[in-house]
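Heads up, the thing below is written out as structure tokens.
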Amino acid sequence: MKGVELFLVASAFLAFAWSLASASDPDPLQDFCVAINDTKDGVFVNGKFCQDPKLAKAEDFFYSGLNIPRNTSNPVGSTVTQVNVAQILGLNTLGISLARIDYAPYGGLNPPHTHPRASEILVVLEGTLYVGFVTSNPENRLITKVLYPGDVFVFPVGLIHFQLNIGKTNAVAFAGLSSQNPGVITIAKAVFGSNPPINPDVLTKAFQLDKNIVTSLQSRLQPINRHAFKRFTHPKQENLEDLNLVTCQATMKGVYFLASFLFLALASSFASASDPSPLQDFCVALNDTKNAVFVNGKFCKDPMLAKAEDFFFSGLNVPGNTSNQLGSKVTPVNVEQIPGLNTLGVSLARVDFAPYGGLNPPHTHPRATEILVVLEGTLYVGFVTSNPDNRLITKVLYPGDVFVFPVGLIHFQLNIGKTNAVAFAAFGSQNPGVITIAKAVFGSNPPINPDVLTKAFQLDKNVVKYLQSQFWWDNN
Ligand SMILES: *[C@@H]1O[C@H](CO)[C@@H](O)[C@H](O)[C@H]1NC(C)=O
Ligand SMILES: *[C@@H]1O[C@H](CO)[C@@H](O)[C@H](O)[C@H]1NC(C)=O
Ligand SMILES: *[C@@H]1O[C@H](CO)[C@@H](O)[C@H](O)[C@H]1NC(C)=O
Ligand SMILES: *[C@@H]1O[C@H](CO)[C@@H](O)[C@H](O)[C@H]1NC(C)=O
């Protein structure tokens, strides 16, 4: 089976798969809400405004040309063609989108990235892909698989994943994503190529790299003039994209051209809690890992047996020990510590920072937005928005200051004061998860194939192997 036939089968399969995905986007409150594509409107909403339903037409639900192979002559050897609410206005509120991914032969790579708002289900149409994702801290287990045509693989929401073409021919895959606007965060680019750059001290410590390597990576991965990027919405405009590739390659080899993604309005990052809503007062978790059955969340204890201790934790007044290579310590208080948090969609952490550079290194929470309050000290904090902008938004915080880190985005905190710093953070999940970027990428178990990281980070293979041999401290 090839070409059109396989494409149709794949589409039918995806259509079926979509109905199984549980959407993290808001549920529709009506048949549809075709977006008004008016960016001149100065108001930002979570999603888009609806058009008058009477005006809806077939074209609002339609896109064509996803059968056409894309040009993969770029530094990573892959091209992602997104079909989300920016291309199909009728996807607004429906919690689903699609992408086509083309991979060049002999190593075309969709480099390590995350989707802050969507799980992904991918089907291979042509070629042979080595794919994988890394679980949250502390295990950072790398789960990989070699996929052949017809194979399907799932990448859970927020986790770092990649696909590498290990075959001698082109490879093609289609992916369904459980959001109208899944967002993409290409790890290497968001960390080393944010705009403006992250303070090199943060990255030197977080990645255990020489400062010269960090600044050289930063200069290579810095964003080029944003106007050189183009958001292609139709394959007929591909020549424009090629033109950009030429322009960019000349000046900036390292930028990844996943530039076809929707601009992310900051407002849309403030998603409602993605944990399941409670269906009863509470569901105190049974802390029984001997139980061979795993559920989304934990089993409930008989409500009659619930006691105050199920909702209680003490000791968060005690400073964490920051005598470690990062100079920070996170003390989490989630459903593992307080079983009564089960199904309630919230948790807490205390973060201690050593003076003069204690760092909570770049990390994400795949399942939670974070709201942090500083109690003592002075913190330089920041987060990086999704592709294509990867805008770094930073702030220096003093005691009493509060800052929000939207769900799934890479963020960090650095103590720039001469004293200890202390902060408390609340999360919109009973189990937000932590993915420490450096550790998940270079310290996964087993290691990610060095070819993937050499290409993604444009590092010498020896540097990658050196990094993979390092011990990565886990501060939480
Ligand atoms: C919506 O507007 C954006 C920005 O102007 C544009 O790139 C995109 O192609 C438009 N989408 C549709 C379906 O018209
Ligand atoms: C693909 O892109 C490369 C680099 O921009 C260009 O040289 C080449 O002609 C393009 N190929 C096709 C088939 O458009
Ligand atoms: C803090 O941790 C270090 C390194 O593990 C250890 O040597 C030290 O005794 C600890 N300090 C306290 C107060 O527990
Ligand atoms: C639940 O079990 C885990 C693993 O055995 C343990 O680390 C944790 O402390 C337990 N939590 C409670 C509240 O007993």
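Yeah, the Cβs are placed from backbone N, Cα and C, and that goes for glycine too.
Annotated features in TrEMBL:
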| type | residues | note |
| --- | --- | --- |
| BINDING | Asn360, His365, Glu370 | oxalate binding site |
| BINDING | His363, His365, Glu370, His411 | Mn(2+) binding site |
| DISULFID | Cys283-Cys300 | disulfide bond |
| DOMAIN | 64-215 | domain 'Cupin type-1' |
| DOMAIN | 314-465 | domain 'Cupin type-1' |
| SIGNAL | 1-23 | signal peptide |
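Sorting the disulfide-bonded residues Cys283, Cys300 by the number of other Cβ atoms within 10 Å puts Cys283 first. In sequence order, Ala349, His363, Thr364, Ala368, Leu372, Phe405, His411, Ala425, Phe427, Pro432, Val434 are the same-chain residues whose CB sits within 8 A of the CB centroid of Asn360, His365, Glu370, the residues recorded for oxalate being left out. Using a 10 angstroms CA-CA radius around His365 (oxalate binding site), the recorded positions that qualify from Cys283, Cys300, His411 are His411.
Same-chain residues that are not part of His363, His365, Glu370, His411 yet have a Cβ within 8 Å of the Cβ center of the Mn(2+) site turn out to be Thr364, Ala368, Phe383, Phe405, Leu409, Ile410, Pro432, Val434. Its Cβ taken as reference, His411 (Mn(2+) binding site) is surrounded by 23 other Cβ atoms within 10 Å in the chains shown.
Among the binding-site residues listed here, namely Asn360, His363, Glu370, His411, Glu370 has its C-alpha nearest to that of Cys283 (disulfide bond).
For the binding-site residues Asn360, His363, His365, Glu370, the ranking by surrounding Cβ atoms (within 10 Å, all protein chains) places Asn360 first. Here Cys300 (disulfide bond) is compared against the binding-site residues Asn360, His363, Glu370, His411, and the shortest C-alpha distance is to Glu370. Separating the Cα atoms of Glu370 (oxalate binding site) and His411 (Mn(2+) binding site) is a whole-number distance of 10 Å.
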